[in-house]
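Asker: Quick one: structure below, then a few questions.
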Amino acid sequence: MNEEQRLASQQVKQPEPSDKKSEKDYSKYFQSVYTAPSLKDAKKRGKEEVQYHKDFAIDEKYLGMGHGRKFYIRTYGCQMNEHDTEVMAGIFLQLGYEATNKVEDANVILMNTCAIRENAENKVFGELGHFKPLKQKNPDLLIGVCGCMSQEEAVVKKILKTYDQVDMIFGTHNIHRLPDILNEAYMSKEMVIEVWSKEGDVIENLPKVRKGNTKAWVNIMYGCDKFCTYCIVPYTRGKERSRRPDDIIQEVRQLAAQGYKEVTLLGQNVNAYGKDFEDLKYGLGDLMNELRTIDIPRIRFTTSHPRDFDDYLIEVLAKKGNLVEHIHLPVQSGSSDMLKIMARKYTRESYLELVRKIRKAIPDVALTTDIIVGFPNETDEQFEETLSLYKEVGFEMAFTYIYSPREGTPAAKMQDNVPMEVKKERLQRLNDVVNQLCGEAIKQYDGQIVEVLVEGESKRNPNVLAGYTRKNKLVNFVAPKEVIGQIVKVQVTEAKTWSLQGDFIEVVTDQKVEL
Ligand code: 5AD
Ligand code: SF4
């Protein structure tokens, strides 16, 4: 099916009959454009094959579109969004736009949004309010909302109702259609909305403007089929679909040839990589085993799901070389009962067993995690189990969150008897443990020599340089600026809670990959 046929076949959803205002506004945009999001459609997982489009190219008629115009993109959320922003920036440049980091100078402003928790969404609505005066000053200005929030029906309705300064809303599956969407927005007086709820495709050769020339993100798969009961991602990012190994390997080779020092492989659940291939038995372990032969000093991946973390992957990671000994392995809760209600598909015991296997194969591995506290009806005992699991594993760091109900997910319909006060107390208690263990983990480095990939000047002090170790520890030190982008040795002189301080020794020149 080509793009036009697909557009024609997309079903346009009617608004809720009770919502008079949005009904009126929806009908307004029907005249001009395409598709509104539907969480119900986004939930469906069809058997249809993933289509691979190898030939992204910008239609000649759009090539001068950005002449004399500037774009500004504000990015919220995860690395996947950061990387989508790099792709959109690449498309803007091909259209002839110039980048600006001043919102006042922009002719197009895009908000690349995150839907994972309510406060992420509130920030975006707040910002949209601030853009209203800019629009009044410059009627040629286009304001767009993209990313995960645009996949939500409720968000699109709210924007239609309240934020008429917005000109375009497009979804996570529509990024490659940016030239057409911009064109439509310039031509039309109505808000342009193009959000596909179901997407089974992988589009290769999208242009990218990577941030910096040291570290790069590489998508290996899109979407998620896990449907954890609290999570909106399977609805906003669609079904699991993997890029073909050859395309990934070629991209990493190219990055190595361009002098990049680190690649992070991206996916919502990278351990499901390859499960959707019908013609090939090939998983994340196979991919890592091939990537480790590429002459690039560091390869990471994020995010893992414990359920799909198999023995072969552990065996490959244990070979180390350019595969770093840091694994981010979200656990979410230490209680098997809670994990069951969250539909995580593993238990406390099987998670601990996986950790034992990983540690046996990679004794010096650094493990980090994500945890949600205050899931509906979480008891004190269940929360205590999370604390005890955290200590038992000895995580070096964690991202911790209070549960946020997301409309359309099963958990959002659950009765919740945990008061917000209790949730906040639990978060505080958990964070105290996280800080304590982080401080203990970092103390081990005191006096050691560590290898640091130098990213640039420290945010606080331009005379100090900053970078990360293989295990993702932040290191600050003084050295000539020429070492930015290189891997250097640093003697640690002080271990603080979240970072290390040290003395620069030398640049590491021999980064040959051990096979
Ligand atoms: N509420 C709170 N935290 C959430 N996460 C995902 N969905 C929610 C939610 N509804 C957290 C999980 C996930 C991380 C990216 O965000 O811990 O691993
Ligand atoms: Fe969300 Fe991750 Fe669960 Fe997928 S595996 S539903 S992205 S928490």
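Backbone N, Cα and C atoms are what each Cβ position is placed from, and that goes for glycine too.
Not measured: the values here are computed from a predicted model.
Under the heading [4Fe-4S] cluster 1 binding site, TrEMBL lists Cys78, Cys114, Cys148. The [4Fe-4S] cluster 2 binding site feature in TrEMBL is assigned to Cys224, Cys228, Cys231. The annotation compositional bias 'Basic and acidic residues' is assigned in TrEMBL to 16-26. Under the heading domain 'MTTase N-terminal', TrEMBL lists 69-187. What TrEMBL lists as domain 'Radical SAM core' is 210-441. Look at TrEMBL and you will find 443-506 tagged as domain 'TRAM'. Here TrEMBL flags 1-26 as region 'Disordered'.
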Asker: Helix, strand, coil residue numbers for the domain 'TRAM' (443-506) per DSSP?
Answerer: 4 helix, 35 strand, 25 coil
Asker: Ligand 1 is in the model; which of the binding-site residues Cys114, Cys148, Cys224, Cys228, Cys231 have a C-beta less than 6 angstroms from one of its atoms?
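Answerer: Within range of ligand 1: Cys231.
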Asker: So for Cys148 ([4Fe-4S] cluster 1 binding site), how many other CB atoms are inside 10 Å of its CB?
Answerer: 27
Asker: Within 10 Å of the Cβ of Cys231 ([4Fe-4S] cluster 2 binding site), how many other Cβ atoms are there?
Answerer: 22
Asker: Here the binding-site residues are Cys78, Cys114, Cys224, Cys228; which one has the lowest number of other Cβ atoms no more than 10 Å from its Cβ?
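Answerer: Lowest Cβ count within 10 Å among the binding-site residues (Cys78, Cys114, Cys224, Cys228) is Cys78.
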Asker: In terms of DSSP three-state secondary structure, what is the assignment for Cys148 ([4Fe-4S] cluster 1 binding site)?
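Answerer: In the DSSP reduction, Cys148 ([4Fe-4S] cluster 1 binding site) maps to helix.
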Asker: Which chain neighbours of the [4Fe-4S] cluster 2 site, leaving out Cys224, Cys228, Cys231, have a Cβ atom within 8 Å of the mean position of the site's Cβ atoms?
Answerer: Lys226, Phe227, Tyr230, Ile232, Val233, Pro234, Gln268, Asn269
Asker: Please go through the binding-site residues Cys78, Cys114, Cys148, Cys224, Cys231 one by one and keep those whose C-beta falls under 6 A from any atom of ligand 2; give the result in sequence order.
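Answerer: Once distances to ligand 2 are taken from each Cβ, Cys224, Cys231 fall under 6 Å.
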Asker: Name them in sequence order: residues not among Cys78, Cys114, Cys148 whose Cβ is within 8 Å of the mean position of the Cβ atoms defining the [4Fe-4S] cluster 1 site.
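Answerer: Here the non-site neighbours turn out to be Tyr76, Gly77, Met80, Asn81, Thr113, Ala115, Ile116, Ala120, Gly147, Val233, Thr236.
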Asker: Under DSSP, the domain 'MTTase N-terminal' (69-187) has how many residues in helix, strand and coil?
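Answerer: Its residues divide into 66 helix, 23 strand, 30 coil.
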